[in-house]
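For 1-20, the entry in TrEMBL reads region 'Disordered'. The feature transmembrane segment is assigned by TrEMBL to 54-74, 104-126, 138-161, 167-187, 238-263, 292-308, 329-350, 356-382, 394-413, 425-445.
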Amino acid sequence: MENIQATKRSSDVDTVEETITGPRKEHKGVILIPRPSDDPLDPLNWPMGKKIKILAVISFATFTGFSACLAGQLQVVPQSKLYKVTTNQMAYQMTHTNDYNGFIVSRFFGAFFGSVAGVLGPRILVDLFFLHQRGRAFTVFHWCFDFGTVAGPTLSAIIAANTNWTYTYKWTTGLVGAVIVLVFLFLEETSWDRGEGVVNLVPAANFFTNRIATFLPGTRVTSKTTFAQTLKAVTTPFIIAASPVTLVLSVYTLVNFGFYVAMNSISPVFLQKPVIAGGYGFNTMQNAEFSFVHWIGIIIALVYGQCLSDRLPLYICTHFGRGIWKPEYRLHALWIPSIINPIGLGLWGAGLQYHLSWVVLAVAQVFVTFGSLSITPITVNYINECFIGHPAEASIAVNVYRVGFGLSVAFYIKEWVAKTGVGWAYGMMAFFEIGSFAFILLLMWKGHNIRGLTWGHLSESEEGEHVVEEKRVQEKA
């Protein structure tokens, strides 16, 4: 058996033994899956500092992309006050302005290109991190993903309240410029074929030559693809989106994220409505300051994911799976968010219906933000591991359902509240969320069989891999 040199890690990550005979293992008995090759250029063998640097860059890129495309979402309210018209009048007038086409084109480019990092990120994370590290990596990445959607409108509202509303778009320009520089300096190609006898391309040692080869058109850092392979890559997201496991999971994800949007889309209406009319009489600045409670919820979600997203699945694998991995072990981290989220929605509805203190609404916002946004990295990580050979395509499929439903809620939430009353509307959402967890229970129970129903032989996972060494399993038994 050959000796394999492992890479030393930072102190906050499990340290790898320097020289181990046979399969490479963590010093705590967790086997490295996937098993890296002997080549030090293999991304799995890169130093942890380099991996974290790349994770930081793509996380900052996805934060910028989503905060930039959502910047200015709250500036309509201060504009309406400035021009002494209602928001509905503004919307009507904008459809008759001569410059509206340019505005639409700019928003299209912002949204289209702002989402690129969110698509490529999961692919890079799967290339860089081992199975027992992915939960934490996905948590950081999707925390930045979701934090962008929270921070963009908040900061833009504060800016719009104190200066010209056009600056709600301009402030993100500096972020985009910083992303361009950081990506050019630090991002590297992470694809690596560990197949028998495969020769991978060696990146250029010269920095500028390497950067040119990586970012300019061509295939100097990756292998060439045939037309058939390109066609397969185009059709794969649609096949994954139509697969049973994706559809079952997406019912849960779209409900949880969609009702989070339902809460946020109507909260400024109640907060800024005069007290005499049943609102809270907030001004624009107070409304922006109130939105900081989202930050509290998403920070709690980050801590939760870092503590449990890897530890809990490995604990279940060790104590109940005899060290044999199943992707469904990831889903057990959803129990707590799935309990907290409906409680938050019910509290939000009750707070508005009975005009409770704004502190009650703030607590409800924290609950729903934590519950909704903590499920994103867990579910995306799960679907990636169901299609381990196609993580980017799997992420696209899940996010299309999640974001698509979330965007649609804004079109009918006001009518829903008007028809049923605010308390019952959000109460129904809470019950719907409780019901959606049945789909997660179904995956926990029959996930293996459901994954096997995927068309096109795309369902490839790490199920059956021995993640925890036998000695440790016996000690825990």
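The backbone N, Cα and C atoms fix where each Cβ goes, glycine too.
Automated prediction, rather than curation, is the source of TrEMBL annotations.
Recorded stretches compared: 238-263, 356-382, 394-413; the one with the most Cβ pairs under 8 Å to the transmembrane segment (138-161) is 356-382. When Cβ-Cβ distances under 8 Å to the transmembrane segment (238-263) are tallied for each of 292-308, 394-413, 425-445, the top count falls to 394-413. In this chain, the transmembrane segment (425-445) lies apart from the transmembrane segment (167-187): fewer than three C-beta pairs between them fall below 8 angstroms, excluding pairs fewer than 6 positions apart.
With a cut-off of 8 Å between Cβ atoms, the residues of this chain six or more beyond the transmembrane segment (104-126) that come close are 54-55, 58-59, 61-62, 64-66, 68-69, 134, 137-138, 141, 145, 190, 380, 384, 388, 391-392, 394-396, 399.
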